[in-house]
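Encoded as structure tokens, here's the structure I'll be asking about.
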Amino acid sequence: MDKLIITGGVRLDGEIRISGAKNSALPILAATLLCDGPVTVANLPHLHDITTMIELFGRMGIEPVIDEKLSVEIDPRTIKTLVAPYELVKTMRASILVLGPMVARFGEAEVALPGGCAIGSRPVDLHIRGLEAMGAVIDVEGGYIKAKAPEGGLRGANFFFDTVSVTGTENIMMAAALARGRSVLQNAAREPEVVDLANFLIAMGAKISGAGTDTITIDGVERLHSAIYKVMPDRIETGTYLVAAAVTGGRVKVKDTDPTILEAVLEKLKEAGAEVTTGSDWIELNMHGKRPKAVNVRTAPYPAFPTDMQAQFISLNAIAEGTGAVIETIFENRFMHVYELHRMGAKIQVEGNTAIVTGTEILKGAPVMATDLRASASLVISALMAEGDTLIDRIYHIDRGYECIEEKLQMLGAKIRRVPG
């Protein structure tokens, strides 16, 4: 199992390119199953989850053609099985996204429950109830969701999401694209990745309006045609590198990104004392060698502050001037990284869904362990400005969401290297 060794204390400086968004690429890949011809998806990030989705397609009889320019061509007409097996689904919760497209296009699907996810848990329940509202008959047995469309296919429906669910919105929107009649999704997720998926579906001929608001209207069509589409930039990767620049007092320009989808994060970075300038597809952050000021953060669904940037801002507050509160309203148990940061000397107190962080001038390098994707990013950020060496174990979490992280940080001057476990 690979590890990262980071020698801290280097001020980051330079330019990097931002990769395509994993959280957009995965549903877009799933949506290719709706098409009755070949589809090309460009700007895919080279990440483990993307590889797993492509492997899932291969297991189903589809043979994606990948080129060196980060694009893939998928022709779903060669599909031979409508089963998404557990050995693949367990490694990637987003594989539930093939459920809606398969039922809508092929009339049935058998998808393993995502690993560690009981049926009573709200996110999976929303996917199932949304499809049932469209007429699907669904059984959950043996750890699999078995879904069958009614005779004549799925029917348009009005569906209200009890809680805002990004993947739930995406799954039902994809299914509705080929359903008979109109579907209206209320309390829908507003995330940019949902908008990107809607734009991809529209490029294939879907009739969708309202994406980016809490009410999405879909008028089902008989078929979706071939298209070529470029995945949006990754806003969380963008934010992560900007925070890394801020904690090291550095200057970093991120290119091939979109400032308009990261406004809540950029405002907090300005509040922390960063000079932030933007163009149509770039953001530059300059700390001028200063130590950041502590900021208060409260996570909430888009367009508010994203939960996927919470851990990074705990790392920022850990070395900032003053004390900042970070309130997590989206997920439980999302402060696992705090206990690893304690090993580096961070002063953090967790009270329920709130982390109170008192900044300290210097963190000390230490052996730490990544517990999940975004927590691992917070450890990298803290290691970049810590005194001495930090060894980060279980970095497969990082590889799920950050393309070539050590190479990109090396381009900015960081002393970071990957070593085999």
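Cβ from N, Cα, C; glycine included.
Annotations for this protein, taken from Swiss-Prot, read as follows:
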BINDING   K22, N23  phosphoenolpyruvate binding site
BINDING   R93, R122, P123, V124, D125, L126, D308, I330  UDP-N-acetyl-alpha-D-glucosamine binding site
MOD_RES   C117  2-(S-cysteinyl)pyruvic acid O-phosphothioketal
ACT_SITE  C117  active site, proton donor
Within 10 Å of each Cβ, count the other Cβ atoms and name the one among the binding-site residues K22, R93 with the highest count.
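Neighbour-count leader: K22.
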Among the binding-site residues V124, L126, I330, whose Cβ has the fewest other Cβ atoms within 10 Å?
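Lowest Cβ count within 10 Å among the binding-site residues (V124, L126, I330) is I330.
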Which of the binding-site residues R93, L126, I330 has its Cα nearest to the Cα of N23 (phosphoenolpyruvate binding site)?
R93
Restricting to the chain of D308 (UDP-N-acetyl-alpha-D-glucosamine binding site) and a gap of 6 or more, list residues whose Cβ falls under 8 Å of its Cβ, or answer none.
I236, R374
Near the Cβ of D125 (UDP-N-acetyl-alpha-D-glucosamine binding site), how many other Cβ atoms are there if near means within 10 Å?
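17, counting other Cβ atoms within 10 Å of D125 (UDP-N-acetyl-alpha-D-glucosamine binding site).
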Relative to the Cβ position of N23 (phosphoenolpyruvate binding site), how many further Cβ atoms are located within 10 Å?
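Excluding its own Cβ, N23 (phosphoenolpyruvate binding site) sees 24 Cβ atoms within 10 Å.
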At the level of the C-alpha atoms, what whole-angstrom distance separates I330 (UDP-N-acetyl-alpha-D-glucosamine binding site) and K22 (phosphoenolpyruvate binding site)?
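Given the Cα positions, I330 (UDP-N-acetyl-alpha-D-glucosamine binding site) is 19 Å from K22 (phosphoenolpyruvate binding site).
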